[in-house]
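**Q** Submitted below is the structure of interest, expressed as structure tokens.
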Amino acid sequence: MAVKPKQPPAQEQHGYEFFGPPGAFAISFFLPVLVYVFNFVCNDISGCPAPSLLQPKTFSLDALKQEVGWPHNGVAGLVSWNGTLAVIGYNVLSLILYRVLPAIEVEGTQLSSGGRLKYRFNTLYSSTFTLAVLAAGTIAQGAEFPVWTFMSENFIQILSANIIYSYLVSTFVYVRSFSVKHGNKENRELAAGGHSGNILYDWFIGRELNPRIEIPLIGEVDIKEFLELRPGMMGWIIMNCSWCAQQYRNYGFVTDSSILITAVQALYVFDSWWNEPAILTTMDITTDGFGMMLAFGDIVWVPYVYSLQTRYLSVHPVSLGPLGLAAMLGLIGLGFYIFRSANNEKNRFRTNPNDPRVSHLKYIQTKTGSKLLTTGWWGMSRHINYLGDWIQSWPYCLPTGLAGYQIMSAGANIEGAYVMHDGREVVQGEAQGWGMLITYFYILYFGILLIHRERRDDEKCHRKYGKDWEEYRKIVRSRIVPGLY
């Protein structure tokens, strides 16, 4: 018996997010500039931050350009064929591995049309393969492995190519979204909050919910899911490893702080890959359209902003010692335990409420059929997993200490300076503390991101559950931090 397609769902009222079109414009065109600023201002030429920025009375733009390594041919020097071809090759390799390596197929959540999309998951295999190749090259050639030296020498140009890529893919999916027709056999849908009618805002927030493309020899690729966990997350680990290699080329050693940050961030990423199917129930997949917001975040923001600490340490090494390492690992363990335990509890309850590990939990039965947990981890706060996620971010930044350094010319003979292999000397001097604006940015940003996500989720749940959600909020009063927020 044929299944009747659902009628078009009633349009849910959604206001603008991110301050509407002005916010969309600012994020889309100023965040890329901010990434450039971070990576120019904190550099391996003059210091972190560049010395001119600490001397406002004698500030000179020409001097600043020299200190940060601004290309001699200006903006044109921000791009290169080498950097662009590297980005193309990297993404083509990701697509090939996506197709040829073993994978599992999982159905996504039910769409408003009543259908379900199928997803092909093998990110763990493809990423492990890539890392194994890089590890083999490093074992054979050490820190001089061409991948590591190429990334250091073409760092800004690779960044530029990825920024351009994020703009191109955002524009492609936006234009293509106008071919979505109700009742189509491919289960294509528009995102509820992504077709406001404002071109800039819809391009930014994402007009189509799950844009897919058929690629010759590769097959169908879900663009949003593919970019969520593959090139950017993998790039984050690769970027960290390249800065560890740079530290070794600079000094002949790799500090415990660099190893710690690289290892714990890799653990975080591997956890995402290991639990790849769990992405199907996240807001990114079920609710948000795919536009510039997610494209830029996946392709550029994650690998280039999240690796700022290891880049800093490649120039100014910091040794934590046994006690420092123990403290950082303790924070990581606490955050990871909260994050994973809470998510596992929720997933077990959704899958099998009679599971002995969760059958004792109390809940509110909503009119929509869903159950809202009011005890256990989710009785402590509405997003206790966000607290664990945020705690995990602290050891990413804390190892940089009172960050900031100045790079002096060879032969300065400054007491206590770190001396690079090329003779240049690195001291903190008057830059001490100012570098924290860059190396601790992640903690601040991630906290704001999680608060914003919680607010968005709260609004979505209130629209979905109505008075049941209001009752739930009376029982579980805290949003993220139990008793505080």
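Heads up, the Cβ atoms here are built off N, Cα and C, so glycines get one too.
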**Q** According to Swiss-Prot, which residue out of N82, N240 bears the annotation N-linked glycosylation site?
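**A** Looking at Swiss-Prot, the N-linked glycosylation site feature maps to N240.
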**Q** Is N240 (N-linked glycosylation site) helix, strand or coil when read with DSSP?
**A** helix
**Q** Given a Cβ distance threshold of under 8 angstroms, which distant residues of the chain, six or more beyond its ends, lie next to the transmembrane segment (131-151)?
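**A** For the transmembrane segment (131-151), the sequence-distant neighbours (Cβ-Cβ under 8 Å, at least 6 residues beyond its ends) are 82, 86, 158, 237-239, 241-242, 245-246, 248-249.
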**Q** For the transmembrane segment (18-38), find every same-chain residue at least 6 residues outside the stretch whose CB is under 8 Å from a CB in it, and list them.
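**A** 78, 156, 159, 163, 198, 200-201, 203-205, 292-293, 296, 300-301, 304-305, 308, 438, 441.
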**Q** Which residues of the chain, 6 or more past the ends of the transmembrane segment (431-451), have a CB below 8 A from one of its CBs?
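**A** Result: 38, 41-42, 47-49, 51, 53-54, 305-306, 308-309, 312, 316, 383, 386, 389-390, 393-394, 396-397, 400, 402-406, 479-480.
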**Q** What residues elsewhere in the chain lie close to the transmembrane segment (285-305), defined as a C-beta under 8 angstroms and at least 6 residues from its ends?
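**A** Cβ under 8 Å, 6 or more out: 18, 24, 27-28, 31-32, 35, 38-39, 108-109, 159, 162-163, 165-167, 169-170, 173-174, 177, 190-194, 202-211, 223-225, 227-228, 231-233, 235-236, 238-239, 279, 441-442, 445, 460.
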